[in-house]
Amino acid sequence: MPALRVLSSLDAARIQWYHFKAIIVAGMGLFTDAYDLFCIAPIMKMISQIYYHKDSIGTALLSTSYAIALLGTAFGQLIFGYLGDRVGRRRVYGICLLIMIFSSFGCGFSVCTTRRSCVMVSLGFFRFVLGVGIGGDYPLSATIMSEFANKRTRGAFIAAVFSMQGLGILTSSAVTMAVCEAFKNAGSESLVTVKAAGLETLAPAESDIAWRLILMIGALPAALTFYWRMLMPETARYTALVENNVVQASKDMQRVMSVSMISQLTEESSSSEIHQQQPPSSSTYKLFSRRFLSLHGRDLFAASANWFLVDVVFYTSNLLLSQIFNFSNKPLNSTNVYDSAFEVAKLAAIVAACSTIPGYWFTVYFIDKIGRVKIQIMGFFLMAVVYLVAGIPYSWYWSKHEKTNKGFMVLYGLIFFFSNFGPNTTTFIIPAELFPARFRSTCHGISGAAGKFGAIVGTVGFLWATKHHEDDVFPDVKRMRIAFLILGGVCIAGMIVTYFFTRETMGRSLEENEVDEIGSTSAGSSANELLPRP
């Protein structure tokens, strides 16, 4: 097949400047995603004291605030994943950024400040729309990077794109701390009762601007990246294999990188034989058809199930972080509005710098040396070990209710390290490598949406399961022990699913996914080579 001959030069291409440019352009979307998703914890601390000073914000409202953006993300992954395969990766890539930019500003300008219910509804609406844009960025960024990369370093490139999430989390924490400190120093320290959303509060009037500013700053990295994202050509693999335009694919490859043999292949591709080429007859089957499920159903199940399980763990661990470690050692209603948000952001920054970001970059280095499956199994296993070691003697760690338990914090930090040097990163990579070009973005979106539903289950479920009275500094020990043991069990389930159902993709060309599409007699043997060994 001439298209595969043209694309084989991509797998043989040396690492070039355009690869790093693509990492930055695609990665800034993930950077913005992480900023917007993970800044909500300190924001909710501020909102609870501005609008709910005399009343508890309530677990229902708090869980809805966390879940609404995740729900939007799941919808965005499904919608834009599908559109990425139907109309092209590049055509919808910029739309995701525009949605993120305008919805970030919308969150900051949440209307109707005279009633707190109206503020929360407006914020929830814009957070949902923001989630749709964030969700679209996941399958498109992973697919675009995988289709530009060569097979030797493809895993490292996709992992590098995903690692920008760590920088996004760190930046959101840094921005939150800087804004809180700036507003605290500029404002009055005297406690004066003011009106916020028609209710009396001791929070400074300008604090209602501070949380909005934090949310709007999240639009800046996306806005700065938009121009460069629009200059990216359509991926050659999509153009050649889905649009069946090998000539244009060759020209697009020449525009962005120096690939050997492209000129020769372009001349060959210009022949009338290629212009008359028809799509393979086996490519007529549809998504979720019987043939699709027989060829790719197992891969889709494994990718979706693993992403669901790891997001239950990852997002729940982030949620429990601010509950377990309380640096102020004071109830929420006795803490300054800026200090409470500052402490939550500081804790997130420490974990991001010491555990999350190193975990990402360990994966970047080892992913094409060890393999995706081994890293994923190792990550699930070691996370399970940490949860069990931390959960079984949980009451002993906190028997004296110390302000901070440094040993336990190091142990808890290992969860984030092995999550990112493990399944949190590999579940982003594998769906971008397992499926044929015409299903790749859609299947990645389905897998990611399953993950976000897992995040909703974990966040909402464990928020209710571990809730405690607002005057209590620490959560209930028995509930936390049970939560840790359940999360350990989830990790064991992920390890089992990975071992029995997930196929290795290291060193494998993306074009091998097209073997079934063209009805090659070697399709069966190629597929069997990927089966995990018992």
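Glycine residues also receive a Cβ, built from the backbone N, Cα and C atoms like all the rest.
The transmembrane segment annotation in TrEMBL covers 20-44 (among others).
Positions annotated as domain 'Major facilitator superfamily (MFS) profile' by TrEMBL: 22-506. Averaged across the domain 'Major facilitator superfamily (MFS) profile' (22-506), pLDDT for the predicted model comes to 85.
Annotation source TrEMBL lists transmembrane segment at 56-80 (among others). Long-range contacts of the transmembrane segment (56-80) within the same chain, counting only residues at least 6 positions beyond its ends with a Cβ under 8 Å from a Cβ of the stretch, are 36-37, 40, 44, 47-48, 92, 95-96, 99, 120, 123-124, 127-140, 315, 319, 441, 444-446, 448-449, 452-453, 455-456, 459-460, 463-464, 467, 470.
Sequence-distant contacts of the transmembrane segment (92-111) (same chain, at least 6 residues past either end, Cβ-Cβ under 8 Å): 29, 32-33, 36, 76, 80, 83-84, 118-119, 122-123, 125-127, 129-130, 132-134, 136-137, 140, 144, 212-213, 215-216, 218-219, 222-223, 225-226, 229-230, 232. Sequence annotations record features per position, and here TrEMBL assigns transmembrane segment to 92-111 (among others).
Here TrEMBL flags 123-144 (among others) as transmembrane segment.
Panel annotation: around the transmembrane segment (156-179), residues 19, 22-23, 26-28, 30-36, 38-39, 42-43, 141-142, 145-146, 148-149, 210, 213-214, 217-218, 221, 341-342, 345-346, 348-349, 352-353, 356-357, 359-361, 363-365, 367-368, 420, 425, 428-429, 432 of the same chain, lying at least six beyond its termini, place a Cβ under 8 Å from a Cβ of the stretch. Look at TrEMBL and you will find 156-179 (among others) tagged as transmembrane segment.
According to TrEMBL, the feature transmembrane segment maps to 209-228 (among others).
The transmembrane segment annotation in TrEMBL covers 300-325 (among others).
Residues annotated as transmembrane segment in TrEMBL: 345-367 (among others).
What TrEMBL records for 379-397 (among others) is transmembrane segment. Same-chain residues lying 6 or more positions outside the transmembrane segment (379-397) and placing a CB less than 8 Å from one of its CB atoms are 309-310, 313, 405, 407-408, 411-412, 414-415, 418-419, 421-424, 426, 477, 480-481, 483-485, 487-489, 491-492, 494-495, 498.
For the transmembrane segment (409-430), the residues of the chain that approach it from at least six positions outside its boundaries are 138, 142, 146, 155, 158-159, 162-163, 166, 303, 306-307, 309-310, 313-314, 317, 321, 324-325, 351, 354-360, 362-363, 366-367, 372-373, 375-376, 378-380, 382-383, 386-387, 389-390, 447-448, 451, 494, 498, 502, 505, judged by C-beta separation under 8 angstroms. Marked as transmembrane segment by TrEMBL: 409-430 (among others).
The transmembrane segment annotation in TrEMBL covers 442-462 (among others).
Long-range Cβ contacts of the transmembrane segment (482-501) within its own chain (Cβ-Cβ under 8 Å, at least 6 residues beyond either end) map to 298, 301-302, 305-306, 309-310, 312-313, 316-317, 320, 373, 376-377, 380-381, 383-385, 387-388, 390-392, 394, 423, 462, 465-466, 532. The transmembrane segment feature in TrEMBL is assigned to 482-501 (among others).
The annotation region 'Disordered' is assigned in TrEMBL to 512-534.
Among the features that TrEMBL reports, compositional bias 'Polar residues' is placed at 519-528.
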Stretch of maximal Cβ-Cβ contact with the transmembrane segment (123-144) [cut-off: under 8 Å; candidates 20-44, 209-228, 300-325, 345-367, 442-462]: 20-44
